[in-house]
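Annotated features in TrEMBL:
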- H35, L37, G62, E83, D111, N126: S-adenosyl-L-methionine binding site (BINDING)
- 1-10: compositional bias 'Basic residues' (COMPBIAS)
- 284-307: compositional bias 'Acidic residues' (COMPBIAS)
- 42-211: domain 'Ribosomal RNA adenine methylase transferase N-terminal' (DOMAIN)
- 1-25: region 'Disordered' (REGION)
- 277-311: region 'Disordered' (REGION)
Amino acid sequence: MAGGKMRKEKPKASNRAPSSQYQGGISFHKSKGQHILKNPLLVDSIVQKAGIKSTDVILEIGPGTGNLTKKLLEAGKEVIAVELDSRMVLELQRRFQGTPFSNRLRVIQGDVLKTELPRFDICVANIPYQISSPLTFKLLFHPTSFRCAVIMYQREFAMRLVAQPGDNLYCRLSVNTQLYARVSHLLKVGKNNFRPPPKVDSSVVRIEPRKPQPQVNKKEWDGFLRVCFIRKNKTLGSIFRQKSVLSMLEKNYKTLQAVLASLQNNGQAAPNTAMDLGDQSMGIEDDDNALDDDDDDMEMDEGDGGEASEFKEKVMNVLKEGAFEEKRSSKLSQQEFLYLLSLFNKSGIHFS
């Protein structure tokens, strides 16, 4: 002020994190995967690519403060938002209270992985990245059919979902997801579109469940893929010679034979589908992130003194019958995996 003394203002102490981590007075926790979309053009693009109809019931997971929720309410009939954080639930209710949208928004507070999801037509979500895999398969196995899911994932995870045979990121996740759904990449999203920005870029992926669902035993299929992708760049012949793999398969084989014999002795018909023998595949792990060694001249843990057992010959004969012994999982198509599994099952060899 002119003619007066200027007072030096002392900086106010604050325990708050940088303002970029706040919206409407709410702090975001990176540890909980709370990264809120702040780019309105990107939000519009996601909603547009989702192809929402005015009659759609939309499932949103992790709505946060409701930036995406608002656009979904404008596009569809109803939004069911599942949110774990009670602070965000209150913010959503406050934001839409007294608006035309208030009676078209249903908020469910809880862990989406533990919540029984209601019927919905389409899912549009920016999810916490740490639940990407279990959430994807929870949606794919949802008891009521839905048209599609448009989900924001960490970019590398998204690229694994859409990877094709021969791609560097092609893995068990790729094959498993694509058996149950058509998966396509929609757009790449830079980290600066979020508040607070995550450490990695993201991608939006469209997932359309296949109709009808494939008629496979889920545990059998997953157990089979776990073995095939122990080392995806090794030959299948090398993988199936491993002592741990042969031991697991032989145990399953003997258990099944004993069950079938018992049923026959009791005059009961043998089952037509793969039997669930419990989780015999524990300890057999794949490593999708490993840089696999392509040197297949080195035998992998054969452990039988060079003498092939009768069961090992049985397993190798299945691979030879389908000409799979020298093939690698990293280059096999989904149809080839299904065919190989059918050959194993035909020989009485099971993976679950």
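Cβ from N, Cα, C; glycine included.
Note that this is a predicted model, so its numbers are computed, not measured.
Feature map: annotations from TrEMBL on the structure.
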residue	record	contacts (Cβ under 8 Å, 6+ apart)
L37	S-adenosyl-L-methionine binding site	V43, G64, N67, L68, N126, M152, N193, F194
E83	S-adenosyl-L-methionine binding site	G62, P63, G64, V89, L92, V107, I108, Q109
D111	S-adenosyl-L-methionine binding site	L84
If you draw a 10 Å sphere around the Cβ of N126 (S-adenosyl-L-methionine binding site), how many other Cβ atoms fall inside it, taking every protein chain shown into account? 26
What is the Cβ neighbour count of G62 (S-adenosyl-L-methionine binding site) at a 10 Å cut-off, with all protein chains included? 24
Restricted to the domain 'Ribosomal RNA adenine methylase transferase N-terminal' (42-211), the mean pLDDT of the model is 95
